[in-house]
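Visitor: This is the structure, below, for whatever I ask next.
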Amino acid sequence: MKIGVLSQFPELYSTRRLVEACESRGHEAWVINPINCYMNINSVKPSIHLEGEEVPMFDAIIPRIHASVTFYGCAVVRQFEMMGVFAANDSISIARSRDKLRALQLLSRKGIGMPVTGFANKPNNIPDLINMVGGAPLVIKLLEGTQGIGVVLAETRKAAESVIEAFLGLKANIMVQEYIKEANGSDIRCFVVGDKVVAAMRRQGPEGDFRSNLHLGGSAEPVKITPQERKSAVAAAKAMGLVVAGVDILRSARGPLVLEVNSAPGIEGIEQATGIKVAEPIVEYIEKVVAARRANHQVIA
């Protein structure tokens with residue numbers, strides 16, 4: 001097969017591992033920067049171009065769309081979909097997961113456990129918003145934040161009111177979440193491919209920081225997840241429509257709570273923490289889907 005890896009960063013570990021996994025299984029891998037692509041949108045032969053030339057027809061693409069370019073990146077993925085290319089994470093699923101509020105609403109609709117979350121637009125709603133999530137301490141998150149940036153722990157009601165007022169004064173979209181004290185600054189990252197959790201690690205925030213993101217200096221170790229945690233992770237990915245997902249879960253007194261569903265989960269951290277190769281299962285999944293699509297096409301023909 002010819003597989004395109006859509007990434008702005010060919011030198012990144014995640015990109016290199018995906019290329020390696022494709023090639024080790026006998027496939028041709030191309031790294032394409034989606035931001036440098038441009039599209040010919042027509043009803044006869046839609047195409048994608050790069051540096052004056054038409055991009056070759058791929059059997060499948062693996063999107064690694066950075067959060068800062070979600071809109072354009074999703075447009076490129078959608079163009080590939082229009083051309084009949086299988087996307088391991090389609091444009092709709094990526095867009096769903098990137099909208100943090102919409103993602104939580106989808107999880108809520110499916111009955112998947114998550115922290116109680118409030119969302120408001122007016123300063124006069126702040127007192128009720130704080131009560132909604134059980135009072136302080138509570139967590140305040142910028143909807144546009146990534147990798148732990150724009151996440152604040154307000155330890156008192158007064159601090160919460162001040163931070164929320166400041167964000168709303170800046171016209172920033174924020175959500176307020178209950179603080180899960182028993183998680184003790186750690187979470188579990190489940191790496192989901194299809195309907196399986198292929199690896200899981202426990203991430204612990206640095207001393208004095210409740211955020212467990214590895215980019216912020218957190219540590220990671222392999223973890224054995226419970227059947228309920230496994231079920232929640234797969235269900236959360238499915239709720240977004242994602243084939244490949246990093247699902248972040250908190251262990252709470254009332255069971256697993258899904259914090260976030262990531263459509264382009266990092267590969268380096270989880271492979272190094274667990275010793276499990278997660279890039280290969282992605283390629284194996286693609287092989288099965290493309291083979292089934294070809295068989296179906298032959299039957300129809």
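Using N, Cα and C of the backbone, Cβ positions are placed for all residues, glycine too.
What you see is a predicted model, and the numbers here were worked out from it, not measured in a lab.
Per Swiss-Prot, domain 'ATP-grasp' is recorded for 104-287, and the stated evidence type is sequence analysis. For LYS141, GLU178, TYR179, ASP187, ARG211, SER212, ASN213, the entry in Swiss-Prot reads ATP binding site. Residues or ranges marked as Mn(2+) 1 binding site by Swiss-Prot: ASP248, GLU260. The Mg(2+) 1 binding site feature in Swiss-Prot is assigned to ASP248, GLU260. According to Swiss-Prot, the feature Mn(2+) 2 binding site maps to GLU260, ASN262. Taken from Swiss-Prot, the feature Mg(2+) 2 binding site applies to GLU260, ASN262, supported by sequence analysis.
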Visitor: How many Å separate the Cα atoms of ASP187 (ATP binding site) and ASN262 (Mn(2+) 2 binding site)?
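Guide: About 14 Å separate the Cα atoms of these two residues.
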Visitor: Pick from GLU178, ASP187, ASP248, GLU260: which of these binding-site residues has the biggest number of other Cβ atoms within 10 Å of its Cβ?
Guide: ASP187
Visitor: Can you tell which of the binding-site residues GLU178, TYR179, ASP248 lies nearest to ASN262 (Mn(2+) 2 binding site) in space, using Cα positions?
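Guide: Closest candidate to ASN262 (Mn(2+) 2 binding site), judged by Cα separation, is ASP248.
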Visitor: I'd like the number of other C-beta atoms within 10 A of the C-beta of TYR179 (ATP binding site), please.
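Guide: The answer is 17 other Cβ atoms.
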Visitor: Helix, strand or coil at TYR179 (ATP binding site), per DSSP?
Guide: coil
Visitor: Taking the domain 'ATP-grasp' (104-287) alone, what is its mean pLDDT?
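Guide: Overall, the domain 'ATP-grasp' (104-287) comes to a mean pLDDT of 92.
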Visitor: Hey, how far is LYS141 (ATP binding site) from GLU260 (Mn(2+) 1 binding site), Cα to Cα, in Å?
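Guide: About 12 Å separates the two Cα atoms.
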Visitor: In which DSSP state, out of helix, strand and coil, do we find ASP187 (ATP binding site)?
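Guide: SS state of ASP187 (ATP binding site) = strand.
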Visitor: If you measure ASP248 (Mn(2+) 1 binding site) to TYR179 (ATP binding site) at Cα, how many Å is it?
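Guide: One finds 15 Å between the Cα atoms of these residues.
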Visitor: CB neighbours of LYS141 (ATP binding site) within 10 A?
Guide: 22
Visitor: CB neighbours of ASN262 (Mn(2+) 2 binding site) within 10 A?
Guide: 23
